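One structure below.
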Amino acid sequence: MQPYQRDFIELALARDVLRFGEFTLKSGRQSPYFFNLGRIDSGAALARLGEAYAAALVRAQLPVDMLFGPAYKGIALAAATAIALATSHGRDLPWAYNRKEAKDHGEGGVLVGAPLAGRVLIVDDVMTAGTAVRESLALIRAHGATPAGVLIALDRQERGQGDLSAAQEVARDHGIPVIAITGLDEVLAYAGERPELASEHARLLDYRSRYGVSA
Ligand code: OMP
């Protein structure tokens, strides 16, 4: 596990982003864990999260021209990543986000920020079945730009529509990589190291055997 991955899991536990229990997912699956990035609710926590996203992107060495944050959660995440790339990695990339509803006055339209152009990296929170990401891919293409990849905090590494994970399906169907700060694999590895998380670790293993894919 990379230091930024460990730091991110520790941040997630400290801020109750990562919680264990019984959760119903958007897909309808019952999960023993849930990641809520909405709990990153202070400046210092958001800065730390942005550093983790930036570190994951730099490690992946993916060439991108700009960042796109899908409304709503992706907006703050793309902003935090753009700041971390500029301040910690010397890369000042343009960034943009969308509105959920088109504005018919002022500057109008659904996009705010830099015009979508070149290779666009989508920055979002969690991928389970990949529904949210597919909407962003369509939006980027509709504006004549090229999706370059997807950067997320957590890849739940669950089966999507077939035997592949949603991230693997996006890679296959759209020819772009999905880069995650962490996946279920890292959450499992972290929980496996902590005696106090032994029962959570067992439930995660059981969940993975039902819905997971091998990375
Ligand atoms: P997909 O659109 O199916 O990939 O699901 C991703 C979305 O599910 C995220 O953008 C969240 O809204 C939500 N989600 C989480 O935030 N955290 C989780 O641990 C699981 C989910 C989920 O419902 O699958």
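Placement of Cβ uses the backbone N, Cα and C atoms for every residue, glycine included.
The shown structure was predicted, so the numbers you read here are calculated from the model rather than taken from an experiment.
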From candidates Thr128, Thr131, Thr182, TrEMBL puts in the same orotate site as Phe34, Phe35, Arg156 the residue Thr128
Near orotate: residues not in Phe34, Phe35, Thr128, Arg156 with Cβ within 8 Å of the site Cβ centroid are Leu25, Ser31, Tyr33, Val126, Leu154
Filtered by Cβ under 8 Å and at least 6 apart in sequence, the residues in the chain of Phe35 (orotate binding site) near it are Ala12, Val17, Leu18, Asp125, Val126, Ala153, Leu154
When pLDDT is averaged across the domain 'Phosphoribosyltransferase' (40-159), the result is 93
